[in-house]
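Take a look at the following structure, please.
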Amino acid sequence: MATKTELSPTARESKNAQDMQVDEVLIPRKVPSLCSARYGIALVLHFCNFTTIAQNVIMNITMVAMVNSTSPQSQFNGSSEGLPVDSFGDLNKAPESLSAKAPVYDWSPQIQGIIFGAVGYGGILTMAPSGYLAGRVGTKRVVGVSLFATSFLTLCIPLAADFGIVFLIVTRIVQGLSQCSVIGGQFAIWEKWGPPHERSRLCSIALSGMLLGCFSAILIGGFISESLGWPFVFYIFGGIGCVCCLLWFIVIYDDPTSYPWISTSEKEYIISSLKQQVRSSQQPLPIKAVLRSLPIWSICLGCFSHQWLVSTMVVYIPTYISSVYHINIRDNGLLSALPFIVAWVIGIVGGYLADFLLTKNFRLITVRKIATILGNLPASALIVSLPYLNSSYITATALLTLSCALSTLCQSGIYINVLDIAPRHSSFLMGASRGFSSMAPVIVPTVSGFLLSQDPEFGWRNVFFLLFAINLSGLIFYLIFGEADVQDWAKERKLTRL
């Protein structure tokens, strides 16, 4: 009897850690406030993501002004991380005054593709290590240093271009390493700041900054290049990044206990919300168990298939509008930016909706899978329908906007699922899953470009059907093997003395 009595608390703790609904009943509810410390953290992360993605995308916009207007351009010249050069119309229509304000270069489409793709390799190399490092030394240091590095390198892009193509490519590679460290390292902060039933909205607020960054860079970058010269695009967005970096080091703390401006009630609320997920920093990651975990693989493959959808939209959809409807440079820029601003709103609303469903006693895995289905299936189906509904560019833009908006619902689904199944190791596993999915932006331009060059008549249909097949395959795998309970290998191991 003595042995049974001693073991029962451990058994009860294990049971409670697996049952999120029971946890939420025991945790006192607190009405979320945008003035609270945790939402302030999410807002700062929002601006960091805005800055990082904007610095990534602006190269694809400024390339129109950077290259010699007499150089031959390929209609399907795309990048692995941003918009294709020709997605904004005929480069021969670039203003003649640009050459007087800033230098121009005679880069072939192949060289431009290398410049675009250089930043993409960072995702594969640094996503997982940055997540692991953030879990060890803190998100504040990893993201802060990486944000400063990418902002400083953005300021150096015009100088690197003057030094030569090799210097520019190397700068872009290092910049990619820094940018992906910002993205991969930020998720560790929600281990200590995110109450389980608020993580959907907190992560959605933070990640939606990427969409706003795409919108701003696409819409504003061209106007700055035309009025001030393309170097000022890098100077302005690099300067914004430095200011955001200063804000980061002042405002961000790794945990609520060390945060100087948090109220006592909010601190107690966050700590009590996370009391079932107390983690030991000395417990190693069970590599073999992770590699054998089907829920982990379902998340990785699901993220990869969704990133294939997102990459196709970012890289090739503007080119599709330009080549099919022959839209001029200004109109195409506006049409290309419109889906991202709508997606920015829907992404935030989706996070609140997911948490609302949790308060209505929906199972956590049900909410994650609903968000993932809505973010994948309708979005890819709308893309596939484009070639069959090409009578008007207004119709195409409406479908693209709806597709892009729905795709952001995955932010409340598969992208934060690791926080549910392995909160103790989520910093590394979130980075690993994002790193795995970052292979898609590297592969998409190569495969899609090949399909477009092989079959000019039906190339777009082939690209979109391939997108749908990959997206559907990843979704089905996730629906079958995805889980939301804390996995056995992710629980804290305790020695019980009899």
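Along the chain as shown, residues are numbered 1 onward.
Just so it is clear, glycine is given a Cβ too, placed from its N, Cα and C backbone atoms.
Annotations for this protein, taken from TrEMBL, read as follows:
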DOMAIN    41-486  domain 'Major facilitator superfamily (MFS) profile'
TRANSMEM  39-58  transmembrane segment
TRANSMEM  114-135  transmembrane segment
TRANSMEM  142-161  transmembrane segment
TRANSMEM  202-224  transmembrane segment
TRANSMEM  230-253  transmembrane segment
TRANSMEM  337-358  transmembrane segment
TRANSMEM  370-388  transmembrane segment
TRANSMEM  394-416  transmembrane segment
TRANSMEM  428-451  transmembrane segment
TRANSMEM  463-481  transmembrane segment
Do the transmembrane segment (39-58) and the transmembrane segment (230-253) come together with 3 or more C-beta pairs under 8 Å, pairs six or more apart in sequence?
yes
When you check the transmembrane segment (114-135) against the transmembrane segment (337-358), do you get at least 3 Cβ pairs under 8 Å, counting only pairs 6 or more apart in sequence?
no
Mind checking which residues of the chain, 6+ beyond the ends of the transmembrane segment (142-161), have their Cβ under 8 Å from one of its Cβ atoms?
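Cβ under 8 Å, 6 or more out: 48, 51-52, 55, 58-59, 66, 102-103, 105, 130, 133-134, 167-168, 170-172, 174-175, 178-179, 181-182, 185-186, 230-231, 234-235, 237-242, 244-245, 248-249, 252.
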